[in-house]
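Novice: Sharing a structure here in C-alpha cells format.
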C-alpha cells in the first residue's frame, strides 16, 4: 500500500477501531498542526502572494509568528503522544516530519517584499478551516444527526479541495461578485434611495438585507434547478452524498460567481451601511456551514421561521419527495409562499446526492462536467 493510501486509511478508520487512547486523535491533531504550520510559513515568506489584504491589516507578521510557534508546540506534543500510543505510527511520524521541516526552515527576517496584482487567500483558508473546524467538528461529534458519520467520511478530501480553491480564489470571486452591482450603480442614479436606506436603523438594515438577499437567492437557486444548462453546474453541489459543515463548499466556480453576483445586488445598490453588510456576511458565513452540518438538534420550535439543518438536508435528499424543495437559505416562508416547502414531521432524508450518480467524482471532472455533451437527467 502506498504511503498516501496508508495515511488516508488511518485518517478514515471507523470510530470503533480508534477508541480514545489509541493515538488516532493526537495523530490527526499533529497532522493538522503540521499542515497549518506549513501554510502559515508560506504566508510569512510570500505575503504579497498568499495574504488577503483585508486580513493582512488585522493579522500582522507578529501575530503569524506567535501563531506559528503555538501550532508547532502543539504539533510536537500531539505527534509524540501519537507515537507513544499508536500501533500504526504513520500519522505521528508524518506529522513530526512536517513539523521538523517547518522548524528547520524558520521564519523570514522581515518577510517577502513580493507584490502581485493577483493574490491567493491562503491565510483565508487557514482561518476558515481552523476556526470553523474547531467549532463544528465537536458539535457534529457530540450532537450528530448521523451517528455513524465520521470527520473523515467518504469524499472529505474532495470537499476540502473545493474549500481550498474557493479560498485561494477569493480575489477573483470578490471581483465577480461585485461586478453586476457596479454595473448597475454605474448606469442608474440610486442616490435618493441610497440616502434613505443608509439612514435606517442598523437592525432594520440587517433584516432587510437578509430578506432581500434570501428572496433573490431563492429564485436564482430555483432557476439552477429548473434550467437544464444551469442544473449541470448545480448538480455538482448536490453530488455530495454525505452532509457536514464541509460539504457546502462543493460548488462549481461558475455557480458561485452567478449566485453571489445576483445575491449581492440588493446589498450594494440600495445603499446599505457597510457595517450592516459586514454583519450579514458574518451571519451567512456561519449559517451556510450550519445548515449543511451533521448536527441533529431538535429545532422544531424555530423550523417554521428559520432554515435549519433538517430543512436544508431535505433539499439535498435523493428521495423523490426531496426533489426541488426547500430553496430558501434563511426564511422557509419563501418556500411556503411559492409552493416548495417540504418538512416531514420528525424525519430526515435517508440518502443524499444526485439520483442515478451521474456526476463524476473529482474536482477536475466535476469542473468539466457542465461542459460535456453527456445528458444529465433533470430533477423531476
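Indices start at 1 and increase along the chain as displayed.
Note that Cβ sites are derived from N, Cα and C of the backbone, with glycine treated the same way.
The shown structure was predicted, so the numbers you read here are calculated from the model rather than taken from an experiment.
Reproduced below are the annotations present in TrEMBL:
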type	residues	note
DOMAIN	207-340	domain 'Fatty acid hydroxylase'
TRANSMEM	21-46	transmembrane segment
TRANSMEM	66-85	transmembrane segment
TRANSMEM	90-106	transmembrane segment
TRANSMEM	118-139	transmembrane segment
TRANSMEM	160-178	transmembrane segment
TRANSMEM	198-220	transmembrane segment
Novice: So how many of the residues in the domain 'Fatty acid hydroxylase' (207-340) end up helix, strand or coil by DSSP?
Specialist: 86 helix, 2 strand, 46 coil
Novice: Cβ under 8 Å to the transmembrane segment (90-106), counting only same-chain residues 6 or more beyond its ends: which ones?
Specialist: 3, 6-7, 10-11, 23-24, 26-28, 30-31, 33-35, 37-38, 41, 68, 72, 75-76, 78-80, 82-83
Novice: Would you report the average pLDDT that the model assigns to the domain 'Fatty acid hydroxylase' (207-340)?
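Specialist: Looking only at the domain 'Fatty acid hydroxylase' (207-340), pLDDT averages out to 96.
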Novice: Which residues of the same chain, at least 6 past either end of the transmembrane segment (118-139), have a Cβ under 8 Å from a Cβ in it?
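Specialist: Distant Cβ neighbours of the transmembrane segment (118-139) are 32, 36, 39-40, 42-43, 48-53, 55-56, 59, 151, 160, 163-164, 167-172, 244-245, 289-290, 293, 295.
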Novice: Using a Cβ cut-off under 8 Å, which residues of the same chain at least 6 positions beyond either end of the transmembrane segment (66-85) come close to it?
Specialist: 21-24, 26-27, 29-30, 33-34, 36-37, 40-41, 44, 91-93, 95-96, 98-99, 102-103, 107
